[in-house]
Amino acid sequence: MQPRGQGVRSDGDGIEVLHLDDDEAFLNLTRSWLERENEDIEPTTATDPERALSLLARGAATDGGVRSEADRELESVAATGGPPAFDCVVSDYDMPGMTGLEFLERVRGRYPDLPFVLFTGKGSEEIASEAISAGVTDYLQKGTRGDRFTVLVNRIENAVDQRRAEQQAERSAQRVRQVFERITDAFVAFDRDLRFTYVNDQAADLLDADPDVLRGTPLLDAFPTIEDSKTVTACRRALEVQESETVEVFADPLDSWLEIRAFPARDGLSVYFRDVTERKRREAELREERAFTESVLAGLPDALYAFDRTGDLLRWNDRFAATTGYTDAEIADMHPLEFVPDDETGRIADSIAAVVEDGEHVTVESAFETTSGERVPHEFTGAPLVAEDGTELGLVGIGRDIRGRREREREFEAVFNNTFQLTGLMEPDGTLVRANDPALEFVGVPPSEVVGVHLAEAPWITERNRDRVYDAVERARDGEFVRFEMEIDGTDGPAIIDFSLKPVTDDDGEVTLLIPEGRDITERKARERELERKNERLEAFTSAVSHDLKNPLSVADGSLDLYRETGREEPELVDQAADALDRMDRLIDDLLDLAEQGRVVADPEPVDLSAVVQRALTGVGSEDVEVTVEATDRAVRADEARLVQLVENLLDNAVAHAEQAARVALVDGDRLVVADDGPGVPLDERDRVFEPGYSTSSDGRGFGLAIARDIAEAHGWSLTATESRWGGARFEVEGLDSDPPGGD
């Protein structure tokens with residue numbers, strides 16, 4: 001067996017592997033699999049890291065294994081300074097006394113390039129990261145299935161093959177470097193007949209010839225195959241014209257380019273050889289790079305340009321010339337600011353300074369001004385032009401024609417802003433990107449308060465709707481179309497909108513954009529509420545007609561039937577019929593009054609509340625009840641006649657039910673209170689008392705309080721029933737400071 005590291009193995013060479021693991025059973029299992037998967041692998045095992053280091057340096061016998069005589073010879077290798085005794089190391093991580101990474105550090109301290117595979121059962125991203133940072137060749141987690149050992153064998157083979165290839169390449173490179181060193185100093189001298197007169201050792205080595213043999217030998221006798229070569233031609237010409245000649249030739253045996261310089265002398269020729277392979281390589285790379293750059297520049301749809309810090313144009317492509325209309329010769333003599341309109345030069349100059357002076361990357365929209373004076377809109381992007389050593393040379397930029405984009409933007413703006421819809425654009429997370437003009441005008445906020453704000457946190461979203469909007473965004477983000485009605489804070493006050501969120505998806509079905517839309521339905525909702533009110537009144541009418549009018553009609557009809565049957569004129573029958581008809585007449589008046597008072601007040605005017613109360617008192621028979629009026633000196637915006645009717649109905653109800661006293665007062669400036677000391681209204685009846693036809697009195701018609709509530713609501717007020725301080729009924733009209741729904 002050859003000592004490890006001594007030369008690159010030929011076909012059939014084995015792979016010596018040192019396997020370290022504190023689990024001897026697992027070592028034996030691994031050995032079996034390695035030998036089974038690749039018969040060229042020769043595993044050596046160790047259960048102790050220090051023992052493994054000793055084996056690595058000396059190649060001693062395995063723990064309990066059998067070693068060949070050649071293996072034992074490795075024990076004579078020095079512990080340090082010599083090559084490792086193995087081609088590859090495989091190590092566990094979690095071991096007593098020393099971890100796999102600590103063992104790796106010890107190995108790397110002696111053998112930096114030796115393949116090292118961490119084969120561990122304690123795997124984690126942290127351990128893997130530390131292992132890679134420490135220079136591990138490969139990292140593999142343990143397993144008892146055969147496929148894990150197959151992978152381990154593959155990793156070992158790859159690591160060893162790569163290292164051997166690198167060693168071979170290094171040896172080859174070393175030989176080439178030695179040749180190059182000899183070529184650099186190679187020198188020969190010829191007489192005028194091109195016979196060798198002098199060959200230095202470097203040239204002799206290069207030509208692989210004995211200098212003593214070459215002296216006096218004609219060049220073509222020594223090397224007949226080069227008769228028609230560039231080298232011989234250059235030597236003959238140098239002798240003929242007595243001027244130096246330089247040629248570059250490729251030397252196949254050396255796989256290198258040589259620069260050959262022939263200097264004529266009075267009695268012959270001196271020839272020097274120099275290796276120019278690296279220069280030729282750089283020149284070839286430069287040509288390829290230039291060709292690639294030219295093809296890229298020619299294919300760019302945008303105008304490209306570069307200029308130095310003084311404004312001298314260094315480079316531009318064909319698109320630049322085609323767009324501006326200038327020739328290359330004209331462009332070479334122009335300053336960058338000459339390509340933009342006069343009214344744009346100041347702004348563009350500032351952008352150029354930001355790039356050249358401050359090193360910024362700048363994008364700005366402006367225009368090229370062509371030779372014909374046409375302005376062609378472009379988006380210009382500029383960045384610092386920097387040399388390889390970091391020196392800032394100037395600016396390199398691209399100009400992109402944005403005429404098509406401008407047209408699309410105009411079309412979009414026309415559609416986006418010319419609509420009655422309140423429309424916006426949002427990121428999938430709910431961040432507002434745009435809001436159209438109708439939306440901004442409707443809520444009365446500038447764009448700066450919209451862009452970058454989550455919709456739920458927008459100033460027009462009311463507190464009670466924030467969670468609802470957050471939920472809607474999450475649902476739309478998942479691809480759901482969401483729609484509901486909600487109240488927002490508009491410029492003219494609270495408004496109700498029909499709101500929706502529409503998700504926009506890409507070809508993969510991913511939501512990329514949300515479109516919020518809203519339509520103002522405040523008036524429609526008001527009409528719906530008014531229709532509901534009318535329907536309620538219609539139902540009240542129907543109830544009254546079917547019930548309240550039916551009873552007196554039955555009395556009148558019965559009296560007439562009795563009169564027809566008896567034929568006698570009895571005053572009682574006539575009085576009963578007359579009373580029934582009179583009651584029907586009053587009920588009809590009440591129904592008409594109820595219908596009239598439900599209309600919204602359209603033109604309210606300031607009304608003296610104190611005068612209204614006094615007028616109402618004159619219409620109420622209150623001789624047996626003491627009515628007290630307190631603090632009613634203020635003006636109220638209302639329909640005076642209907643307000644008088646409201647107060648009169650409340651007073652009429654109070655006097656009718658009071659035992660001794662009733663009270664009218666203005667409380668807190670905007671609440672009118674009418675109270676009495678009567679029996680009061682039971683708690684469960686306080687809503688029913690306002691229903692048309694409701695009455696606790698046998699002779700009551702039950703429309704007074706219903707009419708009072710309709711008048712209050714027509715003004716935008718509210719009317720409620722509670723208990724007075726005397727234990728009787730207390731009716732409160734609230735919101736006297738509010739304008740009526742139909743008011744100014």
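Placed from the backbone N, Cα and C atoms, the Cβ positions cover glycine too.
All annotation found in TrEMBL is predicted automatically rather than curated by experts.
Marked as domain 'Response regulatory' by TrEMBL: 16-157.
For the recorded site, Asp92 (4-aspartylphosphate), the DSSP three-state label reads coil. With a 10 A radius on its CB, Asp92 (4-aspartylphosphate) counts 23 other CB atoms from all the protein chains. Here TrEMBL flags Asp92 as 4-aspartylphosphate.
Taken from TrEMBL, the feature domain 'PAS' applies to 172-220 (among others).
The domain 'PAS' feature in TrEMBL is assigned to 289-359 (among others).
DSSP places the residues of the domain 'PAC' (362-414) in helix, strand and coil in these numbers: 12 helix, 30 strand, 11 coil. The feature domain 'PAC' is assigned by TrEMBL to 362-414 (among others).
The feature domain 'PAS' is assigned by TrEMBL to 408-480 (among others).
The domain 'PAC' annotation in TrEMBL covers 477-533 (among others).
TrEMBL lists 544-734 with the feature domain 'Histidine kinase'.
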Tally of residues which DSSP labels helix, strand or coil - the domain 'Response regulatory' (16-157): 65 helix, 24 strand, 53 coil
